[in-house]
């Protein structure tokens, strides 16, 4: 205190001397300094003291100036929050229009930006909910900061009440928006569930109708006088042979087929066993030639049946040296060996018509599907003689397979595939 008084006296004396002896052309410049600079080395003149403290008027004036700046800052913050709420309200109105199904066309395209809400109503609601929750958190943080500042600086009660009331109004508006969004989200969920249930009911009705049609076509003139129709290249239309194969050391497979696809007829049949999906497969994929796969080993067959006409094909194979033969319309077009030699065909697998299996009984690929009609699919456990194959192909004899015969009650169809009465053998010959 003594030092301050001494400094004040010295300052007063210097000022008096300056007045008595002014320096020509000189002037005094007053510059405002921050409190830190004053404390560091520029002491200010002592303010009038009364009992060692500021007067009530000066204390109130300082508090009012401080909180006037605080109120200006809070107004700016509240203005920014008001703009954010206005923007979110606008987006909510757009969301409500979208929920009614009339705001947008199904063919529109766009990106999910702040000006272009996502197409999925659920995503819209979730995005707005997150935005409102963020705004609420910011308001709560602002309110907490306000309480802290008020407790530290002694904010006048009228200012505190005004700000508290304004924050309360904003919070209530925010809670109302959140409640509206929750109701909207629940409504959209209910509408989506109802639409999904309606779709499932429609699909079930169609499936039941297809099943009725399939059953209605089961009365054929004879058990083998039918064909399996696979009209589309999909991964769900197929036929399934109920019986499975025993262990085989030789076989002959014959069938009639008429392909509706080009290039590549797809997969007329496939046989898969656990551990080997390509135990026996006949496939023509893309522009590749027809291939016979046995135990995933490949032989290319010189067969050409993708002209949309009925064709009779037979394939023989024996484990001895892997010998194979390929017949088309009764004529032997190719032969070879070393196709999975000394490998017996494994028993207990699944035999599928029209699809290539990647796992036993499933994982079909639409690009490898057969499109067209199949009939008279028979399997024998031996290599048929060439004359026997000719007689079957020219309708001279009816010779069912002794392992897999072509009969109605041994073939199931799925996914929209169907069974229909087949043309007579003579009619198929005329189509060649």
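Including glycine, each Cβ sits where the backbone N, Cα and C put it.
Taken from Swiss-Prot, the feature signal peptide applies to 1-14, supported by sequence analysis.
Swiss-Prot lists 149 (among others) with the feature N-linked glycosylation site, giving sequence analysis as the kind of evidence.
Under the heading N-linked glycosylation site, Swiss-Prot lists 190 (among others), citing sequence analysis as support. In this chain, no residue six or more apart from residue 190 (N-linked glycosylation site) has a CB-CB distance below 8 Å. According to DSSP, residue 190 (N-linked glycosylation site) sits within a helical segment.
Among the features that Swiss-Prot reports, domain 'Pentraxin (PTX)' is placed at 224-425.
What Swiss-Prot records for 254-314 is disulfide bond, and it gives sequence analysis as the kind of evidence. In three-state terms derived from DSSP, residue 314 (disulfide bond) belongs to an extended strand segment. Within the same chain, residues at least 6 positions away in sequence whose Cβ sits under 8 Å from that of residue 314 (disulfide bond) are 252, 253, 254, 325, 326, 327, 384, 389, 392, 393.
Residues or ranges marked as Ca(2+) 1 binding site by Swiss-Prot: 278, 356, 357, 358. Counting only residues at least six positions away in the same chain, the Cβ atoms of 277, 364, 365 sit under 8 Å from the Cβ of residue 358 (Ca(2+) 1 binding site).
Under the heading Ca(2+) 2 binding site, Swiss-Prot lists 356, 358, 368. According to DSSP, residue 358 (Ca(2+) 1 binding site) sits in a coil region rather than a helix or strand.
Proximity of residue 394 (N-linked glycosylation site) to non-local residues of its own chain (separation of 6 or more, Cβ distance below 8 Å) is seen for 330, 429, given in sequence order. Residues or ranges marked as N-linked glycosylation site by Swiss-Prot on the basis of sequence analysis: 394 (among others).
Comparing the binding-site residues 278, 357, 368 on other C-beta atoms within 10 angstroms of each C-beta gives the minimum for 278.
Around residue 356 (Ca(2+) 1 binding site), the C-beta neighbours below 8 angstroms that are at least 6 residues distant in the chain are 266, 267, 270, 281, 283, 364, 365, 368, 369. When pLDDT values are averaged over the domain 'Pentraxin (PTX)' (224-425), the model yields 93.
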